Amino acid sequence: MVRSFIRFSIEKPLLNHILLIFIFMLSIFAYINIPKEIFPPMNMDKIVITGGYTGTSADVLDKMVVQTIEDDMQNIDDLEEIKSDIKNGAFTISADIKPGADNILVLNDVKDIVSGVKKDLPSDMNEPVAKIKLHAFPLALIALSGDVSKEELLEKAEELKSELSNFKDLSDITIRGDADEELDIVLNNDKIKAYGLQPALVVSAISNISSIFPIGTIKQQANHLYISTFNGEKTKEGVENTLIDVGGKKLKISDIADVAFTLSDEAELSHYNGVRNISVNVTKSKDGNAIALVKDIRTLLKNLHQKNPQFNYDIYTDTSVWIKNRLNVVFSNIMFGLMLVFLAMLIFINRGIAFVVALGIPVSFMIGLIVSELLGDSLNMLSLLGALIALGMLVDEAIVVAENIYRHLEEGMERKEAVVQGAVEMFPAVLTATLTTVFAFLPMLLMSGEMGMFIKIIPIMITVLLLSSLFEAFYFLPLHAHEFLKVSKEGSFTKNLWARMYVRYSKVLHFFFRRKVISLITMVSLIIGATALFVSQLKFQLFPEFDTTQVYVYGKVDINNELTDTEQYVAQLEKKILENIDPQNVSSVTSVIGFKMDSKNNAEVGENLFHIFVDLKERAPVNMFDTYISPYLSIEYDKDVKTRQKDSKVIAQDIKELLKDEFVKYDELVVKVPGAGVIAHDIEIGLRSQDGRDVVPYLKELESEIAKINGVFNISDDATLGEKELKLRINKYGQELGFNEQSISNSLRAYYLKGEYGKLFNNSGLVRIKIESDMNEDIDSLKDLEVQVPSTNQYVLLKDIADFIYVQSYVTLKKEDAKRIKSFYASLDKDIITSSEVMKKLQPAFEKLKGEGILVDIKGEEKENKKNIREMTQSALIALFLIFITLVWLFDSIKKSLIVISTIPLVLLGVFVGHYVMGINLTMPGMIGIVGLAGVVVNDGLIMVDFIKKAKDTEELMSRAKTRLRPILLTSLTTVLGLLTLIFFASGQAMILQPMAVSLGFGIAWATVLNLIYVPLLYAVVYRIKAPQNIN
């Protein structure tokens, strides 16, 4: 069957050349349509439930609604990690939806839970709402400014939002600084008292001045009418003159209240380079092409500015620029690797084989791109780096097949038969080699959680490309070999080079084969000893640090500050940063007040929070490759934007030093370079008690311990005390007068609770009616407030009928899986210390806490490390068994399979030497490289064993081993050359996969030695193959 397949490819050249053109055309369409982004999705879809009750403490909200919802959500199998954030007046419950679960079914289950809770909640509460929060892909921010009123700015922002809504593949468009129109009615307490009115009845009367609900229809023949009210007065004068009936007394609203149509208080404020503006945050869907979308958005903004020249439309935090530049970097790496591979084949074989093999690489990439687009994957940093890693492997199959065809041509076989016979001979071994590599990477798909989502594109891309390469090696390559392959002339440089190499290799084999057993034992012992030595020197961290294009400055001020107060604090920070930054390094400074975000893009809102985004310019070239090679191999290269001379880490340190005098003014102030986004904090430790004790003293004690450790910084926690709460308890005298908590609550709410009590429509749409009292907001006014005695016309002072009890809780009540928890967070300098080393230093403190009944929950990088190491170990075991099964299928022998697979543990020496030489810690990408290396290492080993298995004595065995020298050296050389730029010249986000390239590159280089010397030696010892003179 294989022979017929190969003959068909040779005998139908015209058809197959047309097929190549067709694949090329499809690949162009795939490139145009495939989404382009920096990183693939790394956040799972979530269920989010939000709700609130103005004026209610976090503790009351928890008991009122949150606990019940959490308890029921724990019974839904498709949810995991239920977390709750409860603040005064509002709460959020979130839970990750397990991959593969039906989002709609899960949402319906949660909605049923929420519906069951609603019947027990107050009627005027903001009822809990459940929705699915899909992963959003940041695209760009648009700053809208101009010398106009805020109302006009908001109007243009809404117009822009409406225009953007017409764009396909935009998932969310949010206006920061948005405000809704509302009708504010401020009750005059003195006038209400003078009229002898009860404030609660006044509020009830005013809430009925508008109705927005339909009344019904009249279906008269040829005249259908829809009936509704006027939906409220549309003007200030109309509302003021509206008559209301309060306890039998009729009066105008203006008699007892001030009326104004205003804009609601903003939930967030936005600054761009220190100036307040309206900003529009735009995110895209998974299928959106960031580069094309931003291009269209820029065109739209240009047209809007031409129509409205008094408004400025500035686009910033443009992720498409980052994507474009990162894609250029990786693409130039791939092109350079391709050139190195071609050059190596040109030098070490001949032009024919070099051309035939190199021609297959773009074909494999084209097929891979088509398949990726069909699978719904995107073109991102990881998929392209996966392609770069696969580059050297892609030519392995082609080199082995082409070299065998060439060998038959050298022996004088007829061209067509040499092509068919050479390809057929290598099919079992090449198929097995491809499968072992695929089986090494595929088990990584079993990794769970956000790390699994983050990394899965790499095994998928490598698998797709390797299978594409396998198809190319046995379909298009034989065709090209038949057309272009020629034997080098006698005495050529290539032939002379390999002749010398064969002689030297033969001498090395003879040296080791003189004392086979002793040589084998010595070699293995030295390798194991050296491996153990290097392992003892290695440190482990989740991801390597890398240069980014942003620095975060975020934090919080005292909880009693309002939004405008927080804005003044932020303005001071902005001023210092803007006055001292180098415009060569920084492009813009953007601030959001009322909001902060962690490294996983999880947002927290509050009037005392802020987040400053310092957007950096692109890094200037830092190595020879970026300076002299990348500009000429990129799709489009703009050297003018690459002006930054400092790493983001250095700039962050400069900003921290600049703001060092400001830290004491803030409850929290963090300067941080965002990471890969898989974890929110390097260090995160939570404490909880089983008996309800306050764990904060223990938390502070642990924080003081970690602060002593060198390399730990940005220490913060979620144990900040919140606003004080005043609880009124009816005393005995009040109870005797007939007061109870309900009557006191009804009396006071009208004075102190600004709430929404109705809605009306005007020309701009829905307007909310807000009612509040002009009561002085101080404690003495509250104590001296006269409240009406139930069922009488008499009044008493509040302080006479109630005890005033003050309590203070924390700003946020956090819960995980329905249990309250307090946590602290910290960042690490990975050059000094790793998370595992920090945990070892804290172990005595943990033991002390456990002895006192405090439960310690270690999260952050350490938790992720343990989970990933466990899953990587499982993946490695699965990969080993799949590789072993494949080898047994090829050899039909346990012994031969074990000989090949025994190189895997020995090859670790090359990996650890590589990490040591490059001065990097072992990381999760490095471990993924080790697992993938297992499949690559056995490829040359199985080809070696497949050729030497028929040897009858050591001379024949060494002679057969010599025939494998050229393909083994070439496959190893091309793979290492393909990884060369990623190993030595990685920059920016490409640093994430540098450890993987180091594992593969140095591992393959060392595996070459093992496959050429160790494998033949072990085979001779295991099968007791003797020298010719010793054979009886």
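Each Cβ is built from the backbone N, Cα and C atoms, and glycine gets one as well.
Where the annotation comes from TrEMBL, it is an automatic prediction and has not been curated.
As written in TrEMBL, here are the features:
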- 14-34: transmembrane segment (TRANSMEM)
- 329-348: transmembrane segment (TRANSMEM)
- 355-375: transmembrane segment (TRANSMEM)
- 381-406: transmembrane segment (TRANSMEM)
- 427-447: transmembrane segment (TRANSMEM)
- 453-477: transmembrane segment (TRANSMEM)
- 517-535: transmembrane segment (TRANSMEM)
- 872-891: transmembrane segment (TRANSMEM)
- 898-918: transmembrane segment (TRANSMEM)
- 924-948: transmembrane segment (TRANSMEM)
- 968-992: transmembrane segment (TRANSMEM)
- 998-1022: transmembrane segment (TRANSMEM)
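Most Cβ pairs under 8 Å with the transmembrane segment (872-891) belong to 427-447, among the candidate stretches 427-447, 453-477, 517-535, 898-918.
Residues of the same chain lying 6 or more positions beyond the ends of the transmembrane segment (998-1022) and with a Cβ under 8 Å from any Cβ of it are 389, 505, 508-509, 512-513, 516-517, 519-520, 523, 895-896, 899-900, 902-903, 906-911, 913-915, 917-918, 920, 926-930, 932-933, 936-937, 940-941, 944-945, 948-949, 954, 957-958, 961, 964-965, 968-969, 972, 975-976, 979-980, 983. Among the recorded stretches 14-34, 355-375, 427-447, 517-535, the one sharing the largest number of Cβ pairs closer than 8 Å with the transmembrane segment (381-406) is 355-375. Among 14-34, 355-375, 517-535, 898-918, 968-992, 968-992 has the largest number of CB pairs under 8 A with the transmembrane segment (329-348). Counting same-chain residues at least six beyond the ends of the transmembrane segment (427-447), those with a Cβ under 8 angstroms from any Cβ of the stretch are 2, 393, 396-397, 400-401, 455-456, 458-460, 462-463, 466-467, 469-470, 473-474, 868, 871-872, 874-876, 878-879, 882-883, 886-887, 889-890, 928, 931-936, 938-939, 942-943, 946.
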